[in-house]
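Novice: Pulled these from Swiss-Prot:
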BINDING   9, 44, 45, 221  substrate binding site
BINDING   112, 144, 149, 182  ATP binding site
């Protein structure tokens, strides 16, 4: 039985981390083997707080050993990683990706390098950003950073579309074959912008921006998951990006229309199979937009 190994956070209530990523990939036809880096009652933006705990790096490695014992790693089509709770967890992920690639050289590694955002800066524990930037992102086939995380990896500030394109080119030169910028903040507050870059070209995706009273949590995890599933379907990065962008819009639209804070992943599940709205991609090059 082939599958996707997804190593990231988990919440019992709502949709963030694996709780946001696992079902969409299953709905798109893939078996998913989730390993949780933390397990919380709910996401951490609730003013009432949350309960739960982080797992150790040894917890992750132990589960991977068990999967290896039953021959699962050679059937692993992709490793998807998101939020890591410690520097040690990052090292366990690095070891896991290496083992999976040894067992199945065709397996993809998709790294969502959760570090922070422009308005918050780096929000992860000491050592995590360094391991993401120096170990996990360079070994990944695909990285899915936001603008802040891309700027950290490319070691440059991003203020314009040209900056973003150059940063993606720098990122591609460091090892990844595909860069999907899950949120490009610098262009406009009127639209939500994403960017895809490969050696073959760079594409900009724009969709309407929703004025949520409180921004939903877990949308980035959703983006990474749908894109991963699209690539495993044999779609080109551009095709997977198009589907991912349209499907995520559908989920966010359903969430907005329902007046909910938590992503309406279950109610909007048809979006993962057949998105209800299409937003054409724009191929961009340097100096396309000043």
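A Cβ is built for glycine as well, from the same backbone N, Cα and C atoms used for every other residue.
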Novice: Would you identify the secondary structure of residue 182 (ATP binding site) according to DSSP, in three states?
Specialist: coil
Novice: Cα distance, residue 112 (ATP binding site) to residue 44 (substrate binding site), nearest Å?
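Specialist: It is 18 Å, counting Cα to Cα.
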Novice: Can you name every residue in this chain, apart from 9, 44, 45, 221, with its Cβ inside 8 Å of the center of the Cβ atoms of the recorded substrate site?
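Specialist: So the additional residues around the site are 11, 16, 17, 40, 43, 83, 217, 218.
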Novice: Tell me the coarse DSSP state (helix, strand, coil) of residue 144 (ATP binding site).
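Specialist: DSSP call for residue 144 (ATP binding site): coil, neither helix nor strand.
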Novice: Note the Cβ centroid of 112, 144, 149, 182, the recorded ATP site, then list each other residue of that chain whose Cβ lies within 8 Å of it, in sequence.
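Specialist: So the additional residues around the site are 111, 113, 114, 143, 145, 146, 180, 181, 220, 223, 224.
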Novice: Using C-alpha positions only, work out which of the binding-site residues 9, 45, 221 is nearest to residue 149 (ATP binding site).
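Specialist: Result for residue 149 (ATP binding site): the nearest of the binding-site residues is 221.
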Novice: Do you know offhand how many angstrom separate residue 144 (ATP binding site) and residue 221 (substrate binding site) by C-alpha?
Specialist: 9
Novice: Could you find out if DSSP has residue 9 (substrate binding site) as helix, strand or coil?
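Specialist: In three-state terms, residue 9 (substrate binding site) counts as strand.
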Novice: Quick one: of the binding-site residues 9, 45, 221, which has its CA closest to the CA of residue 182 (ATP binding site)?
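Specialist: Closest recorded candidate to residue 182 (ATP binding site) by Cα: 221.
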